[in-house]
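Feature annotations, courtesy of TrEMBL:
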- 1-89: domain 'CARD' (DOMAIN)
- 145-270: domain 'Caspase family p20' (DOMAIN)
Amino acid sequence: MEQYHRKLINDCMPKLICVTSTLETIVDNLLEKNVINEWMKDYILEPQGDSVKKLYELIQGRGPKAFTDLCGVLKKTNNITAYNILTSKTSEKYKQKLSSIELLDTTFNNTIIECDVPYVKIHPERKQMKNADPLIGIYPMNSNPKGHALILNISDIKNNDDTTGIDVNMTNVNKLFKGLGYIIHTKADVTEKNIINVIDIFVDICYKEKANSIVVFIMCHGYTGKDSNRLSDIFTTDGFTINTYWMIEQFTKNGWFTNIPKLFFIDACR
């Protein structure tokens, strides 16, 4: 979803919540169009939290066609006022307003950790990948930097104990992936809404810069998912949960990163 569409939804959120009805029908239509999956449907409709708000927050991370599909479903389900809010010409001002804003600066504390000495030791007899046997089936890793690494540290969580030692872990993980040749993006104590936006924008960054690999490293509290298909959930700082399968799906659903190694590290209890 374009950033100005996300901005429009968030700015109009109170009004959208008031005028949106027949939520279950909307969700069923979005599921039928593969805009959301079954887990997301359950998440939106579960009694905890504002279901309409969860719909509009979650839809922002559902890919480039999500906004068009959402508007079509709103019109189909007779949510005409909500449809008009999102499709009116006033949305153009959000596109213009954001056209000069650097995406990275508005979203991430983008920090490249400088090391005085090499953190990762390279064996003197290492083989260059370009000279390797093509039958081995290795991933090409010739870019410099090697890719982008998103490191999320969620330690201040509502109704949960603080995670001890996480600052030390953050320092070590930053040094490690900097030493391996990655651009490091760090984000701390994100809410449910923020983490959806952060993941979405990080996906866009990785796609636009055509890096050879992607790393996502998350340190937080978590627990086992509600069923075997959900893997596990992690807590956001406002006490809500995000499913790890949903996170991984954001990097695989549209085929942008086919044949690119994607490494996911979830440092959380289950």
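Glycine too: its Cβ is placed from the backbone N, Cα and C atoms.
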Query = Per DSSP, what is the residue count of the domain 'Caspase family p20' (145-270) in each of helix, strand and coil?
reply = 41 helix, 37 strand, 48 coil
Message = For a three-state summary based on DSSP, what are the helix, strand and coil counts in the domain 'CARD' (1-89)?
response = 64 helix, 0 strand, 25 coil
Ask   = Between 0 and 100, where does the mean pLDDT of the domain 'CARD' (1-89) sit?
value = 87
